[in-house]
């Protein structure tokens with residue numbers, strides 16, 4: 001019965017994975033085609049493409065980990081394979097969060113209206129530093145992911161297997177404590193870009209409030225493009241914040257469950273919830289971006305037209 005539940009959860013994970021791959025691959029493909037066509041890429045498109053690629057990798061790693069746990073549980077007794085999976089999960093996790101934070105900061109500087117000299121100076125330079133910032137995020141993510149490979153050795157993974165057999169030793173407990181400390185530390189690091197995105201969101205609210213008050217003073221009742229841009233950016237940022245909170249809690253469940261006996265289902269369920277974040281946010285970004293939304297509707301319309309043509313007598 002337990003094995004059947006695990007297979008069902010794995011099938012659900014495959015469905016979430018497929019949806020996430022379609023959404024993120026669509027973002028990357030459309031932006032890449034425009035890049036080739038125009039021989040240049042806008043800063044926002046570069047950020048969205050980097051974010052989509054990082055989430056495609058994150059989706060593959062989560063599904064791989066979930067599949068191994070269900071189909072090949074003996075792999076958890078081998079440290080070498082699990083070191084690789086843990087490293088790339090941590091790497092893609094950090095990349096996804098940092099690139100999403102870069103997107104939030106970019107929206108803030110491009111859309112918000114403040115007149116502080118430092119803000120105006122950074123607003124003027126934001127397009128020039130996007131590529132270097134993304135490369136910096138990549139380098140930092142690699143650096144912060146390296147500690148995962150140090151505390152994961154063959155003995156620890158055998159301890160995990162022994163844990164499920166209710167045969168814990170003092171040595172295993174010490175190794176588990178070191179591993180848990182590393183994982184908790186790395187999870188706490190991702191809270192920093194989260195709070196940066198939260199600050200960007202709050203400042204966007206402040207900018208929209210000041211802009212709306214100015215419009216009221218000018219007796220303008222209609223909604224102007226600046227207000228529309230504020231609302232669109234706030235939707236993208238708040239959706240990221242909410243989905244990241246869900247993902248973060250699910251990631252903690254999946255991580256902490258390794259240190260409790262007989263919790264394979266909890267691990268799979270945590271990874272199942274974690275898949276919602278990289279899968280769902282991609283479609284929110286598509287609907288919030290005019291170019292991506294038009295391309296999505298164009299593809300949907302073309303498929304509908306072909307279906308109608310094939311069904312016509």
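Heads up, the Cβ atoms here are built off N, Cα and C, so glycines get one too.
Keep in mind that what you see is a predicted model, and the values were worked out from it rather than measured.
Feature annotations, reproduced from TrEMBL:
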- 23-285: domain 'G-protein coupled receptors family 1 profile' (DOMAIN)
- 12-34: transmembrane segment (TRANSMEM)
- 46-72: transmembrane segment (TRANSMEM)
- 87-109: transmembrane segment (TRANSMEM)
- 129-148: transmembrane segment (TRANSMEM)
- 184-209: transmembrane segment (TRANSMEM)
- 236-259: transmembrane segment (TRANSMEM)
- 265-288: transmembrane segment (TRANSMEM)
May I ask you to check whether the transmembrane segment (46-72) and the transmembrane segment (265-288) make contact, with contact taken as at least three Cβ pairs under 8 Å and only pairs 6 or more apart in sequence counted?
-> yes
Proximity of the transmembrane segment (12-34) to the transmembrane segment (265-288), 3+ C-beta pairs under 8 angstroms = yes
Any idea what the model's mean pLDDT is for the domain 'G-protein coupled receptors family 1 profile' (23-285)?
-> 79
State the non-local partners of the transmembrane segment (129-148) in its own chain: residues 6+ outside its ends, Cβ under 8 Å from one of its Cβ atoms.
-> 43, 46-47, 50, 83, 86-88, 90-91, 94-95, 98-99, 102, 106, 182-183, 185-186, 189
